[in-house]
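Some notes on the structure that comes next.
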């Protein structure tokens, strides 16, 4: 294909449609009928005529040679030459008059199709063996009934005719009849019945096989069937039956949609079978004389043999039973060809392997979609082992000469020819293969400005492929820069990497500008630097910047000296006047608020040497360098300078780090590790505490669960104390120059856990078990030995279990993490930045992430790079800090930190109104480069990769956090954050104890404006230490509560009376164990009930029956469920559960219980009250003259002054569980997750609405990652959750085209409601001929028609207002979201390929190629980045063709003018 043709075909593929082929279309595409089952003649080795490889049908095997040998290549070329001489320029196909073969290229054998004329119709297996059953849904037959009809076991009544009422027969349409029943009916009805025409309603017709199904399908009126099903659904009361009817309804709708676009329903019955081109089912000759054949040839042969045999049997009028058996066999043969895996007994080869059918070649990892269309192998690539290249620059890699010579071969040949070193291509190739020295100089020249791409498998995120400037090296291993290892997740223990060469100018330009390693310093997952020194480099930098003081034994050279500049220090160090660790004074420039200021500071020589390579703009960095501080420094330098400066800085610190790690000689020995003396006493004390806990349990003072938990906590605390002792000893040893401590403290290697196991104790171990039950995952007796002492046999045996489980888990989770990433990518691959601003008025509220009031992630780090939704004000003076629609960046983030703002409302992908993709403003900053996101960025794929990439770091099991008991007290009180005045809100108090459910305390500033500085919810039962309108100071305690138990407090003085109470055998406590509505009552002296309390299950009663109590006494304690165990069921299983939006089976249904009010610590005035009515709806405003539609999402639009004051909201978590307080809207109930037992997502969705459910989902997912120390920006989760929540379920369809129970895209739903909004529904058409009953008509047209009818004295049309559809939001799992995407190509290449393709075909779907996958499949440029449709990138890279032509024209005109002047 020429370049011109390629360009045309490339840009023409804008959409692709799929429909069912009719027999006429199959014949039109076919080049001839295949009659014989033979393939190749064993004597001549040539294809058999009219066989499966026939040259007449499919084209010649050799170029321009026919079957009989009349036309050879030379002869054909001569004929063509003669024809061209006769000016017959259009040389059409030339056919051999002997054998009928067209004289053409053999490539036609890849495209030409044949066909088989089937003797009897055959049903396509996808039509009756898929779920839901397509043919069964149309005809109302079950799968078993269909099977009996198709495989010739039963007759089906097509038309009962006279048999319906004749001679006591009661036969209905679609009744199944056995052979005996059929014969009986034929004998009963008159003999003349068979002579009637088929269209005669009195004729009895019953048939079997595909033939009868074809007739039944032709007779079906889909529109009538649709309305019948709708009526049936309306009247149906059984839920199960309704679900089945909905499934049928959906299938019928698909067929109706397809029919409108030209599909024929009867085309699902095959009369002509297409045969694919022979080159796609090859027959390859083997060395031994045999042939290796594609499985498809076997299938086609079976079909042809059976088809021919059936034809012959019909011709000789064989008995019906034999014919029926042959027809069934033919049906089975076609079934096997189309989908062998769907058959109960799959056709197998001689080696008992199921043969690969047409469907199998599309499905799965080895199928056409994933193997050949989405995962192509590429030319110009190489692969080799990687070794470290410490002398390389960040953008360079070392490329072995052999690899370079091979992949740059075409460029090398061109240069050799241009320089006239060789004359022909062949001789150039010889020169290269000889490795002539001359080629290396040319290669060096070629490498300049022509980068290579390096890729390490598995490519989990976009940094798995980066481009480098190659340098020629000797040897066979690729040199890799050590700083890019973390991005590739590479190490030098035998890892291999692939090299790819970008060929076109556009590809080279993109590799240079976008993919160069020095451009990819930041991690797209979180925006932090990923190109950070590690291991040796960190250790070297830590060592050089550590200070060492002189002691009596050893003096440090140069300590206390003063220097005027950094250079002076360097000279002194080079001349060995000062030592690297010496503490000195030096005049440096320090960065302060005003700018760079000169100061004399106390520092070390090593820090001065480090600062020589630091960019001057940044100022002097006087820090001990560790892994964490280096990350912050690199980040700061990157945002305050530029990428080239940062890349140079990274290279310099890499060299410094390696040099000083080598100079320091930082190895370690056994003496660097020692066991603390306090170990014995700590262990002894722990054993005593454990025995005391056991005694308490035996006495019945605590429950078994509490005993277990306390023992685990004792050992955990002991372990922590011991670890601290070990690390303190190391810290003091050699002034902190203990090698092991330096490795730990710098973050170069090791962790506190490993140090603890070396010289403390191994600690608690996991219990060997298959399933993890709550609170029994850990062995109570820890391993008391450490690795220095050595383990006993029992201890060793216990510890081996964990080690082995770890290895098994790693293997399992790698596959799980890969599958999770694939599902995420598929669900979000079409999310691309499409527009600048969607102009939404909605956003989300963000506050700091807290764990028990301890800040885990600050507000500033969470809102960095986001766009402010409204103006952000300073709470103290109401000054605007950040304007609406402004990005929150490093420059203005300090303002937020100083102003002590708790919550900020920002734009979010969750609330973006863009119909396709997301807008720039709602996304904010591109985390990969720190700039505002650009149009065309494929943020869906980036989000999926960012979430999936750390998947392998997550565990597969439940693990114990431990140490919970000691920490809880700190988080069971509220302190004042500022000085101010206390204000009560809905608080009822009995003896300083809160007895109201929705209590709140506000802290106001002591000014006239009374700005709210802090707002906290107060739990029921909390003890108050302040009164209303009281002045408090910062850090004063406002209230406290029991962190272990929720309580119920007596509101009156009186006597206790209760029923349905049981005693705990062990503890003697009264415990509620069954729901017999147990109640506790307070009665007065007259036995009148003052107050009655319902008691929740699991509650402990503190009072006895008949006790006299005072108001404010505690009656009941309800142990908080989460305290039973400090275990986190985390890792991949939990993540998968959340992304698939699965509901837990054991969700506690507190909403339905009578005890719910005891748990409700929510704020009644929260932002989500409106979500109780969570339906999307339209309101038709009759007074609205403009006929504008008003669609209401039921969001709380709040335009009073408070809505702009983001500071006035505060979050508070009274729960003592380990959940993070991850705030998406601090006024919501779910800012604190104060719920006993997990509430399912669907319950939150139903009760609190979509935003609360989205927030809860993101909260839960982030908790899994945070528990493992993985940082991922919220934006990525928001993009995925947006994809999961972009659809609604139709509750009432009204007058729209929707079906109740259908799932629709939100924008489609809103568009449909908008379309019908100004229309009217005709109830009676009157005398109008223009309109009919049930029609939706524009009001103006209706008015006009009624006016005309009135003039003619005719009956007017009666109409009513339209009823719009009502829907509710739903959450779909990522698998479902990926399968139900708008693109059928994308869905088919993900999962359930055959189902997706068949459903697309019957409804004649069109794929508009908006996503990435569908364009990759078709070989188009992906519509992202530089390939974005309607983008300006084309002009930037390729240039505007018209401008070039204009330039050429102007140049030609200039030349002509000059020539004319010369002539004159």
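Every residue gets a Cβ built from N, Cα and C, even glycine.
Here Swiss-Prot flags 66, 68, 96, 99 as Zn(2+) 1 binding site, drawing on sequence analysis. According to Swiss-Prot, the feature Mg(2+) binding site maps to 491, 493, 495. Annotated Zn(2+) 2 binding site per Swiss-Prot: 838, 912, 919, 922, in sequence order. Residues or ranges marked as compositional bias 'Acidic residues' in Swiss-Prot: 1143-1200, 1220-1229. Sequence annotations record features per position, and here Swiss-Prot assigns compositional bias 'Low complexity' to 1204-1219. Positions annotated as region 'Disordered' by Swiss-Prot: 1143-1229.
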- Message: Please identify which of 838, 919 has the densest Cβ environment, defined as other Cβ atoms within 10 Å, among these binding-site residues.
- Response: 919
- Task: Around the recorded Zn(2+) 2 site, report the further residues of that chain (criterion: Cβ within 8 Å of the mean position of the Cβ atoms of 838, 912, 919, 922; site residues excluded), sequence-ordered.
- Result: 835, 837, 840, 907, 909, 911, 913, 914, 918, 920, 921, 923
- Considering the binding-site residues 66, 68, 96, 99, 922, which residue's Cβ sits among the greatest number of other Cβ atoms within 10 Å? 922
- Message: A 10 Å Cβ contact count, applied to the binding-site residues 491, 493, 495: which residue has the minimum?
- Response: 493
- Note on the structure: DSSP, reduced to three states, assigns residue 922 (Zn(2+) 2 binding site) to helix
- Item | Spatial neighbours of residue 922 (Zn(2+) 2 binding site), counting only the binding-site residues 66, 68, 493, 495 and Cα distances within 10 Å | none
- Task: Give the sequence-ordered list of residues that share a chain with residue 912 (Zn(2+) 2 binding site), lie 6 or more positions from it, and have CB atoms under 8 Å from its CB.
- Result: 838, 840, 918, 919, 922, 923, 1282
- Round to the nearest Å and give the CA-to-CA distance linking residue 493 (Mg(2+) binding site) with residue 66 (Zn(2+) 1 binding site). 58
- Extra residues within 8 Å (Cβ to Cβ centroid of 491, 493, 495), Mg(2+): 386, 490, 492, 494
- Message: So, three-state DSSP: helix, strand or coil for residue 66 (Zn(2+) 1 binding site)?
- Response: coil
- Apart from 66, 68, 96, 99, which residues in this chain have a Cβ no more than 8 Å from the mean position of the Cβ atoms of those residues at the Zn(2+) 1 site? 55, 67, 69, 70, 71, 97, 98, 100, 101
- Task: Can you figure out which of 66, 68, 96, 99 (the binding-site residues) comes closest in space to residue 495 (Mg(2+) binding site), comparing Cα atoms?
- Result: 66
- Message: Going by Cα-Cα distance, which of the binding-site residues (66, 68, 96, 99) sits nearest to residue 491 (Mg(2+) binding site)?
- Response: 66
